[in-house]
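Peer 1: Structure below; questions to follow.
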Amino acid sequence: MGEQSGGCGGENCSLMPDPPTNCSHPDCSWEEPVFGWVELGGSHNREPKNTKLCVTIIYVPLMLFGLLGNILTILVVWLRPHMRSSTYLYLSSMAISDLLILLLLPLDLYKLWRPRPWPLGDLACKLTMFLSECCTFCTILHITFLSLERYVAVCWPITAKTLVTRRRTRVIIGCLWLGAAVSAAPVLLMVGVEDIGGDEADRRECRCTQYAISSGLLSAMMILSNLYFLVPLSILGLVYSLIGRTLWLRPKSSRKEQGHRNTVKMLGVIVLAFVLCWLPFHVGRTIFSLSLGGYFNLVSSVLFYLSAAINPLLYNLMSARYRLAVRSLVRGPSQTHAESKAAAPCWTGEATQ
């Protein structure tokens, strides 16, 4: 499922120039980092009420749609044994990550309408932003390793029969979550509740701390975060080029090859949606955080949450097997096993151990 609104929140955690020396008002400060959660753009109190209302109207149905879709994906994989292929194990784990991202969305809406004071305390500030970053990294890792697994299945089918197993996939998924948590751990030191001063009675905000900025921790974390996007993007480009070349040179008539093509098409669409939804965040954070300000962050935030919500829809559109499994789950046990097996060619190259 980029950084979401929650890491130093849409509060410009990028390296900023010094604030104007002739302005003493708190809103003249550049201390609002865009990192982690893309918190609906910097100083939310300066956004017009109509803008906040439009964002809320978009976010509420997006959150409900995403929660329903990801919950269905998780249930389909874990309640339907024939759906527990290695591919769908990855997708169900991604659905958990996307689900957690969407559960954090209400905090974004709260901070959009009332950016301060932060109501949940310092520990909640750290944990929510850590969870946001962890899920972000986890989604990227899942997409990358799932694509690598498909590369092995398509280009090295004999090796895949012994290498790609459900047991190994579960171990890899556990390692991906652990790796994402370790990578996001510095966020626990970077953020906290700080009083930004000013005339208001309570200006406590959940934000990147001055320590994170002055120590260089923020800069290092931004580099890591961008590498988490750019390196997997390069790997995905190479992997799908090799897969495409292999499939192009093979006969197109066999059921096995058709199964490979269907799987790769679905994953290719997922990767494309991932890139389109997350690229604006990274571009905006590293280049345009000053020039485009809050409105650019609003757009990138909407796209980020769209990425967390849209995957189940893509599965439904691209996979007859997924559609029938969802239909079986919704209708109950009356759905026949024969209908499920007739859904589509199996995801080939996946052992079932």
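Glycine residues also receive a Cβ, built from the backbone N, Cα and C atoms like all the rest.
What TrEMBL says about a protein is an automatic prediction, not a curated fact.
Dumping what TrEMBL says about this protein:
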DOMAIN    69-315  domain 'G-protein coupled receptors family 1 profile'
TRANSMEM  57-79  transmembrane segment
TRANSMEM  88-107  transmembrane segment
TRANSMEM  127-148  transmembrane segment
TRANSMEM  169-191  transmembrane segment
TRANSMEM  211-243  transmembrane segment
TRANSMEM  264-283  transmembrane segment
TRANSMEM  295-317  transmembrane segment
Peer 1: Any residues 6+ beyond the ends of the transmembrane segment (57-79) with a Cβ under 8 Å from its own?
Peer 2: 88-89, 91-92, 95-96, 98-99, 102-103, 105-106, 108-109, 302, 305-306, 308-313, 315, 322, 325-326, 329
Peer 1: Which one of these stretches, 88-107, 127-148, 169-191, 295-317, has the most C-beta pairs shorter than 8 Å to the transmembrane segment (264-283)?
Peer 2: 295-317
